[in-house]
Every structure is written in C-alpha cells, then in structure tokens.
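Lifted from TrEMBL, the feature list:
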REGION    43-65  region 'Disordered'
REPEAT    145-229  repeat 'Solcar'
REPEAT    241-325  repeat 'Solcar'
REPEAT    339-422  repeat 'Solcar'
TRANSMEM  202-223  transmembrane segment
TRANSMEM  243-264  transmembrane segment
TRANSMEM  339-359  transmembrane segment
TRANSMEM  394-416  transmembrane segment
Amino acid sequence: SGGCIGRGCYDKPVVAKGFARSNIDSFKSFRTDDDAYKAERVERALEGRSSDPAPRIVSGSTSGKDSSLPALPYFGKGASSSTQLLSLLPSGIGLLYDPQIKRYTLAAGKSFESFLAPAPSKPIDPEFGPRGRSPIEKEKSLGLSSYLRFCLSGAICSGGAHFVLTPLDVVKTKVQTDAVKYPSVFGAFNTVYREEGFGTFFTGWAPTLVGFFVGGGILYTATEFLRRYLTELAGSSAVSLEVPIILIGAAAASFIGSFVICPFEAVRIRSVAQPNFADNIVGVLSRIVEEEGVFSLFSAIPVFLTKEIPFAMAKFTVFDLSTEFLYEEFPAAQEDLKLSLLVSLVGGTLGGVVAAIVSNPADTVISEMKKSSDGIGPIAACKTLLSRSGIPTLFTGLGLRMVFYAIMISLQFLAYDSIRFALGIGTDDLKLYLDVLGGALQQ
C-alpha cells in the first residue's frame, strides 16, 4: 500500500562489510619456528604478571598523536627517542611506572585490552602490549667479519691500556720482587726515579704491548663467541643461567689467552727485576731461551692460569652485573652514547678492583718465580713467600694492584665499547628489530 512496490516494502537495508586477509603478515615473515616456540614460553611467563589484581587505568591522553610525552628519567635536555615513539601508540595505550622493577611498562585500558586480547589465556605483555607475544627483537647471527672486529677491539683496548699503565706495572713488579728495597708504593716511585731514571718506568713496554695486544684480541673474541654459543645452547634456561654462562665463557677464553700472554710476561718481569740482564727485550728473550730453554717461558703456566682465570671471571662477571644494574636504574643511559660509556667506566672500575683482589696471590707467586734464573717452581716460590711473613706476603702490593686494575679495566671496557660502536658492532648493531610498517608495505 501507499505506492510500495516489490521487496522495498518489507526488506530492511543490508550493509555488508568485507575484510581482506593475507596469507602472511609482517610478524610471520619475521618470526621463525624457534621464535614462535620462545613466544609461547614468554606467554606462560606473563601469566603471573598479568594476573595483578590492581586495576590499570590508562587515559587516552597518555598516547595517540595528540598526546604529550611523559617525563622519563633522562640525563639530558629534551625527550629521548623512546618517549618520542609514544606518540605512535593508539589512544587507550600508555605507559605506567612499575616501582618494583623500576621501569615503565606498556599498559592498556580494560575495554581496549578485552577488544584486542583473543582469549583470557593470552595476556597482554606489559612490556610490549598486544603484540608482545610476537618477538620484536632478536640477536643477529654473527659471521667472521663481526668476530674479526671483536678481535681488533679487544686487541686495541687491552694492549693500549696496558701500555699506558706500564709505569704502574713496573713499580708493582718491583714492590713484589724486592719488598726490602721497595717497602711502600710511593717510596718505590721515588726510589726508581732517583736511582734509575724516568725511562725505567717504561721498562718492558714492548712485551707488554705485544703480549696483551695479541692476548686481548683472543680473550675478548673468545669470550663473545662462547657466551653467545652457551646462551643459545642453554635455550629457555639462559636467563636463569646468566652468571654461570659469564663465568664459564670468561674462564675458557682466559685459559686460551694465558698461553699467549705467559711468555711475554716472563720476559717483562725478568727485564724489570734484573735491568742489566740484557740490553733490550730481544736480548732478554734470547738469553732466557739459551740459558733456560724455551719451555722456561711457559713454566709459570699453572700459576698463570690460577691468576688469569679468576681474574677474567671476576672482571667480566662484576662488569656485566654492575652495568646491568646501572642500566636498570638509569634506563636513559642505553640511549645516550656518553652515558653508556660512563656506565662502562664505572662497571670496569668495580670489575678491576674485585679482579685484583682474587688474583693477587697468584700474581705475587709469578713475580717470585720469574725475578731470577734459579728455575724455582710455583710450590717452592709459594713456600718462600710464606716463610717471610706468612699469608699477608701473598697480598704484597694489593693496594697498588687495586688502583692499577681499577684504572686498567675501566679503560679497557671504555675503549672496547667505544671501538665496538665505531666498528659497527655495538649492542644495538648486533640485534634485528621488527620493522612493522616496512614489513606490511612489502606484502
């Protein structure tokens, strides 16, 4: 009726919507099967974190294109790159500061979370939001070129730092080999300068530079390789085994490097303890080989290992744990090169002090063995030291070694990180990041 004709009289308007569905997306193209397995483990770990009964209130003003940037802890002027990225977040997603873990976490409003979460068993990752279940970052596979750059970085930082601190090393050796003539550190500096001249402070610089240049390259390269290999081997247990992995990697790398450094140290100690032994370093090496045999250069290996292995384990472990703590306390340091190098400097100082303490007894025994050509063994050298003043004799020169290695290791790690950044093998250079927009445009 009323002029109504056909289906228009009784059918309601129908609105149809169509959605395109691709066979592969940017996340699937980035993620491997192993990554998917890791993501499942992350989901299970997030179950406990997402069950927090405390409500999360996220205002739309905390994110989106019209939002203002939140004030993150930052040591410079202006916002960091991370804060600028917050404007890319959709409305309803924002940052909340978690005082327990002392960092900002990504949080979503209740309505937004319920809309995106496919099921209650799939919690939103408080760090990365709904997409947190898909890995957005993974370690880059390293080739020969990367490890050669690690080797160059370690060689320059180790050889250079030892060369610069040769005067301190000379005085340390003299205090350890002749405690009667050099009873104190400051007195030793004065006595050496007055009786032997300024040039004596650089005695043995050549074997020091060459030995630690080669040994440092091997040590740092082997440490980087072994830690990555052990981490991959540990799989999902790698996080809980962080400290054992550092210790094992440093110990194994130090074991290899000790066989390279030991001969050079034998030549250096002899040239410092007996200035008239030969005219130059080549002469010292030739005379030792002629009179004592080539194996005498390696006679201190057992004691050298008891010195270098604990030294390297303490150095790398304390450095890694202290810098990790500092980055957690000051997250902005990860985004600023100067602050990052400052963290390396502090971590290296702490690592050097601890390493000096644990390795001092073995260092004193080595100095006692190599100060003369008597062919004394490690056990006999240890007994000789203990017969003088007991156990405290094994810690002769500890104060100077603590200062020496605090400066030494801090300079090493500072130079190592600086050179790594310059050679393109810094921390961020060795990671692959998911390019969501780029991946989507390529589909």
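Note that Cβ sites are derived from N, Cα and C of the backbone, with glycine treated the same way.
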Residues in the repeat 'Solcar' (145-229) grouped by DSSP into helix, strand and remaining coil:
74 helix, 0 strand, 11 coil
For the repeat 'Solcar' (241-325), residues assigned helix / strand / coil by DSSP
74 helix, 0 strand, 11 coil
Integer mean pLDDT for the repeat 'Solcar' (339-422):
84
